[in-house]
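Listed features, source TrEMBL:
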- 12-37: transmembrane segment (TRANSMEM)
- 83-104: transmembrane segment (TRANSMEM)
- 116-137: transmembrane segment (TRANSMEM)
- 149-169: transmembrane segment (TRANSMEM)
- 190-209: transmembrane segment (TRANSMEM)
- 215-235: transmembrane segment (TRANSMEM)
- 247-271: transmembrane segment (TRANSMEM)
- 291-312: transmembrane segment (TRANSMEM)
Amino acid sequence: MEHSLEFTWMCIIGFSFVMYIILDGFVIGIGIVCPFLNEHQRDLAFSAVLPVWDGNQTWLVCGGALLYGMFPIAFAYLMPKIYLPVILLLVLLIFRGVCFEFRLKTKKGKGFYDKLFAVSSLLIGLAHGYLAGQVIIGYETHHFATEGWGLKIMAAITLVLGYMTLGATRLMLKTEGDLFDKTRLISKRCSYLLLIFGLICILITLLRAEVNLSFLRIIILTGIGVCCLLFFVLLQLSINKGNDIFPYWSTVGLFVMIFLSLFIYIFPYLIPYDLKYWEASSSETTLKFSLIPAVIMFPILLLYTGYNYYVFRGKVKEKISY
């Protein structure tokens with residue numbers, strides 16, 4: 001396959017970002033749903049996050065560093081166009097981390113830090129959705145400045161609802177009792193809103209004049225859409241039956257399918273619709289040389305992540321701290 005090395009690196013970077021979106025996504029979602037929980041329930045929610053908190057964000061650092069190293073032209077082209085949302089996102093990530101740590105240590109003012117954590121989580125979710133909408137529209141200056149705000153706003157709302165569903169179903173997996181019942185209700189409501197806003201996003205995207213999909217791409221995207229529908233049905237059935245495992249993994253499946261559809265939609269562009277992935281890559285020597293440590297480090301990172309979640313599996317029944 002021509003440009004196979006560049007394609008391999010694009011898949012590695014995409015995988016890193018998918019891992020970040022899923023693993024940190026449920027933390028963002030838990031932060032957003034915190035205002036709907038009482039103090040004891042919030043203590044349990046934070047305890048469910050605490051053991052895996054630090055490792056989740058490793059994937060964002062990994063993806064960003066690899067994008068900079070393997071596709072420097074894309075990085076240089078992209079960053080000036082999204083400086084503001086990216087800087088805002090980084091500040092919010094730092095701010096959210098401070099709120100999380102202070103909330104664990106303080107004996108007074110927990111409610112204050114809970115509110116700040118919820119607000120920062122909400123803004124992070126909106127920023128992620130805005131950037132996802134921008135990917136669909138493209139990064140030409142006139143588009144970025146004046147067009148596509150409807151799609152970007154809808155994408156931001158949709159992703160926030162997705163994060164809320166992911167966070168609530170994660171709490172269903174990790175908790176029991178009244179918190180399980182509360183998050184079960186939140187999951188059901190948010191998932192239906194996610195379906196509605198997701199369909200609106202798809203409709204807005206298809207109505208854009210620039211959309212010109214090949215027959216093969218339409219077939220693939222239709223297949224992904226059917227998979228999304230199946231995951232949604234499984235999500236609803238498992239929520240209705242009070243299952244604590246399938247709701248979370250169904251939501252993860254939805255996120256993977258949505259990311260895959262976005263990848264298929266913009267392929268072969270790395271920067272829609274200006275730079276194809278082979279046009280933005282580093283030299284072949286750099287790509288080959290960097291592949292050696294990647295082959296070693298990625299399995300280690302995956303094993304660490306898997307082991308971390310395995311060790312701290314099971315239900316959270318009482319508040320934990322450090």
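Cβ from N, Cα, C; glycine included.
Within the chain, the transmembrane segment (116-137) has long-range Cβ neighbours (under 8 A, six or more residues past its boundaries) at 21, 27-32, 34-35, 82, 85-86, 88-89, 92-93, 95-96, 99-100, 103, 143-144, 147-148, 151-160, 163, 205, 208, 262, 265-266, 272. When each of 12-37, 83-104, 291-312 is checked for Cβ pairs under 8 Å to the transmembrane segment (149-169), 12-37 comes out on top. The list of residues near the transmembrane segment (12-37) in space but at least 6 beyond its ends in sequence, with Cβ under 8 angstroms from a Cβ of it, reads 45, 48-49, 52-53, 55-57, 59-60, 62-63, 66-67, 70-71, 96, 114-115, 117-118, 120-122, 124-125, 128, 160, 162-171, 179, 182-183, 186, 248, 252, 255-256, 259, 263, 294, 298, 305.
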